[in-house]
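Record features, source Swiss-Prot:
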BINDING   HIS223, CYS289, CYS292  Zn(2+) binding site
DOMAIN    171-334  domain 'CMP/dCMP-type deaminase'
MOD_RES   MET1  N-acetylmethionine
REGION    1-25  region 'Disordered'
Amino acid sequence: MEPTSGFAEQPGPEKVESEEQEPAQWQALPVLSEQQSGAVELVLAYAAPVLDKRQTSRLLREVSAVYPLPAQPHLKRVRPSRSAGGAHSSDLLLCLAGPSAGPRSLAELLPRPAVDPRGLGTPFLVPVPARPPLTRSQFEEARAHWPTSFHEDKQVTSALAGQLFSAQARAAMQTHMERAVRAAQRAAAQGLRAVGAVVVDPASDHVLATGHDCCSEASPLLHAVMVCIDLVAQGQGRGSCDLRRHPACSFTQATATQSARAGSVRKLDEDSLPYVCTGYDLYVTREPCVMCAMALVHARIQRVFYGAPSPDGALGTRFRVHARPDLNHRFQVFRGILEDQCRQLDPDP
């Protein structure tokens, strides 16, 4: 699957159970990759003051030919001077410093006759961003060190601001998470861990499966996410779990429309059947563990919405399985839907 670089807003359903209800105060915030959410990595570079601004164009051309910086196209070669005295108007980025950074003269850095150093002052070391910024916050941090180009992903910016989803879409999201909360409450009534999950086809807003934690000594792997994936499979004529002792765990049979769409949008597994959850959304009250996150990768889920984080969570807290570049499927993750309510269900995960 092609990696997901941004977040596409989808229209809300025509009708949802709570369409007259004002959504509670919560935000669906994206869980981005480590590259998108981490601090800006800096490397040392050499720069030099441009003492004669009439030489700027020539120096830029000659230095760029010798040190083209193909791995750092985001770095601008010239910046306004930050010298308090104002003795010169700009600084020119020469080259990366490498592991043996130290004081260097122009003669050591700029080979002649390829570069005529007239017009340049004494070189100095400066930290510069090693990679292009991926979010606006990274851009603001990066340009504080050195001028940097930035190609903003408006969808990511909207998602980080909590503005990606319309009021109608938020109402639908709240309805589905409330359903997961009720499933978690049913689990607690059976003496099970209070974690609930719901799988939804976002194209129709149709609930395909509702499940909760069903773990026991005999079946320790039946986490809510694993249960829901199996229930979706049962709706497709597959699945293997016997959940008759848990009436809150239910599924609906795949419709002809869903089956037809599956054939057009889903790749096939080794049995020539479509992957179980391609194109579907999962709502779960607690952040999934590593096992469940990998199951979602294999099931080809499209998006995951979770309420409260987990100490060993694999979709943001401990790991970001959904965004690993070495996996053959990645998916979008949002956190914070009805977070307080979800946290109260299972206060000591």
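Using the three backbone atoms N, Cα and C, a Cβ is placed for every residue, glycine included.
All protein chains considered, the CB of CYS292 (Zn(2+) binding site) has 28 other CB atoms within 10 Å.
Close to the recorded Zn(2+) site, the chain also has ALA224, VAL225, MET226, PRO288, VAL290, MET291, ALA293, ALA295, ALA314: residues not among HIS223, CYS289, CYS292 whose Cβ is within 8 Å of the site's Cβ mean position.
Around the Cβ of HIS223 (Zn(2+) binding site), the number of neighbouring Cβ atoms within 10 Å comes to 24. Under 8 Å, Cβ to Cβ, and six or more positions away along its own chain, CYS289 (Zn(2+) binding site) finds HIS223, SER310, ASP312, GLY313, ALA314.
In this model, the domain 'CMP/dCMP-type deaminase' (171-334) carries an average pLDDT of 91.
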